[in-house]
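Take a look at the structure below.
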Amino acid sequence: MEMGVMENLMVHTEISKVKSQSNGEVEKRGVSVLENGGVCKLDRMSGLKFKRRKVFAVRDFPPGCGSRAMEVKIACENGNVVEDVKVVESLVKEEESLGQRDASENVSDIRMAEPVEVQPLRICLPGGDVVRDLSVTAGDECSNSEQIVAGSGVSSSSGTENIVRDIVVYADESSLGMDNLDQTQPLEIEMSDVAVAKPRLVAGRKKAKKGIACHSSLKVVSREFGEGSRKKKSKKNLYWRDRESLDSPEQLRILGVGTSSGSSSGDSSRNKVKETLRLFHGVCRKILQEDEAKPEDQRRKGKGLRIDFEASTILKRNGKFLNSGVHILGEVPGVEVGDEFQYRMELNILGIHKPSQAGIDYMKYGKAKVATSIVASGGYDDHLDNSDVLTYTGQGGNVMQVKKKGEELKEPEDQKLITGNLALATSIEKQTPVRVIRGKHKSTHDKSKGGNYVYDGLYLVEKYWQQVGSHGMNVFKFQLRRIPGQPELSWVEVKKSKSKYREGLCKLDISEGKEQSPISAVNEIDDEKPPLFTYTVKLIYPDWCRPVPPKSCCCTTRCTEAEARVCACVEKNGGEIPYNFDGAIVGAKPTIYECGPLCKCPSSCYLRVTQHGIKLPLEIFKTKSRGWGVRCLKSIPIGSFICEYVGELLEDSEAERRIGNDEYLFDIGNRYDNSLAQGMSELMLGTQAGRSMAEGDESSGFTIDAASKGNVGRFINHSCSPNLYAQNVLYDHEDSRIPHVMFFAQDNIPPLQELCYDYNYALDQVRDSKGNIKQKPCFCGAAVCRRRLY
């Protein structure tokens, strides 16, 4: 009996039976009835619906949260599992008070539907006891809606409307069923403090389906560069992943995180650039993961492995190169000043700079040849300090040489005014723009990470001369000046941010020492201070919820795929480590299982990436039109962990009582979209994309409230073209209904670029307390902006 009550409280357990009302009171009241005779068949737990709070806007947390996460079997006295129920769905509309903001709204001509009584629902617990009857009312949607347009923003201090946000995350087919869970009793509950929650049926209100793409499982049949995992049960060869065999859907999920809502058509050049780079890095990380899965003595890493070359081969073979076969003079469509690239091969893929080694790219211009782009990395004693004037050393003369085994270095010689050098000189006469890419190689022994390249914009070549170089031979020097009117490079702004007296600094550390690095607040717009709230670094569970740590693995050193047969944590992740050894996430999964508090592996384990807190120098800043936002003072490589979204974990009943302060309420639910998986199926030969969630496959059970208690994640704004995405992670318990929500970078993010993710609002589905449709413009400024937040 006690166990039945516990499960009912945590999950809003299954409803025993609901007698359908067809041709009855529902139809008499004019309520629209579902198809198939007005009866909606719901699976156990996965199909249970709950009435949503009437809030301004709704966004969901990752898959596996809410009541869809797992099937909880509740037995009655006869020991049988409760039968699948059939529930009559109708439009639900009830007027609720949303606080002072809505009380002040002047809304007229509102028609509310008459309430319709639906037969009470009865919850059955073990032993045949009935907890109580649950009644539901339904009504017609209100017409004569009023459009309320407000300025965008997520800060309560910005004066905008309150919002509840949807976090869209990745899932695949396996997450929709939520079968084979390891723990059916993940939480302990203090019975004296618990009141039975009141689940309700929801009908009619639909939420947006578009957003950050969620990946379905992919299957690779390409033998040359198959991105699959090894066979876990193979005794002949435990470590080598056999390219002659097909990979199962669970073995391959490339993270080239998908497009945002409204951008799947690919009409935007900017969107095409982002999609291509995400595909490239997804393949890179998968190749690296494949190599890291081998025993150390068999790894190619550090022994000539060029994952960028191998990944580019896959993209080129599948026709994913942009601007292939053409040379572009001037701006490359979709490439913006300040864009960062981890590998030089990315410049080739996008058509920014096609030579893989030469520093000067050129094309035919009439009868002459002019330069189209240069890579200035300081290798030729280039002067890179001035942001507007660049002194570039010509190519040739055997200046830059790398000694290879069995080869002798050539003697330096004078540079000649030919090929690229001649093209740069001709650009002076023709006054043609030259793209400049500044490169700074990372000071690390790991060459597989490549260099760091930043697109600086367009320059004009002003003059050139010849002088003696550092090696004693004549070299050509070219002076280029940046064309005015282009955005300033981020590293110039970073220099200003590191000055002793920083303009606009209004708080040194909003975390008050709770984070490893201070998180400052900067406002260069006005005199507004950051909103007051209690900073916390951990998700706050209610008193009645006590997470039960999962079983530990047997590892005493860092967990690896080589120990998949004995490491329980690796086995939970499909027999592979979901991160590269540098901490970058490899692929989007429904849920990532990290090592828990009972595991004996060290803190440096590859399966503890998100448990070390925030490592990046983040700060909040006042935006021009969207309240407070979040940015980073350094470059963020794609796949990097950013932060967790933390707050107070609430049940729906408690969250409904806090509706007056719903700006930071997050409904935990499911979202699934296979748009990126469709793109990956085109990239990788033989891959298949799974189905998307149906319109009715959504539910909600829990909420995270960061209004009064939260961390820096509460300030992250919306964008129609986001650079972050959310991922389910479990480590301190195994209840997939309430996972930790972690933000990861889905792009290479330059310093001081605002960090954003897609709130996934449903257009024309957000209503105020009077039932009127509300509209709010979007000011994200993305090339694929939907122009409306909801």
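Every residue gets a Cβ built from N, Cα and C, even glycine.
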- Query: Swiss-Prot records CYS559, CYS601, CYS605 as Zn(2+) 3-binding residues. Which of CYS545, CYS595 is assigned to the same site?
  - Reply: CYS595
- Task: Summarise the model confidence on the domain 'Post-SET' (774-790) as a single mean pLDDT, whole number.
- Result: 84
- Item | Cβ-Cβ neighbours of CYS785 (Zn(2+) 4 binding site) (radius 10 Å) | 19
- Can you tell which of the binding-site residues CYS554, CYS555, CYS595, CYS720, CYS778 lies nearest to TRP628 (S-adenosyl-L-methionine binding site) in space, using Cα positions? CYS778
- Quick one: pull the CA-CA distance for CYS554 (Zn(2+) 2 binding site) versus CYS567 (Zn(2+) 1 binding site), whole Å only. 6
- Name the one residue among CYS720, CYS778, CYS780 whose Cα is closest in three-dimensional space to that of CYS605 (Zn(2+) 3 binding site); these are the binding-site residues. CYS720
- Query: For CYS559 (Zn(2+) 1 binding site), which residues of its chain lie six or more apart in sequence with Cβ-Cβ distance below 8 Å?
  - Reply: CYS553, CYS567, CYS569, VAL570, ILE577, CYS595, CYS601, CYS605, TYR606, LEU607
- Note on the structure: Per the 10 Å Cα distance test against CYS555 (Zn(2+) 1 binding site), the binding-site residues CYS599, GLY627, CYS785 reduce to CYS599
- Query: So how many of the residues in the domain 'Post-SET' (774-790) end up helix, strand or coil by DSSP?
  - Reply: 0 helix, 2 strand, 15 coil
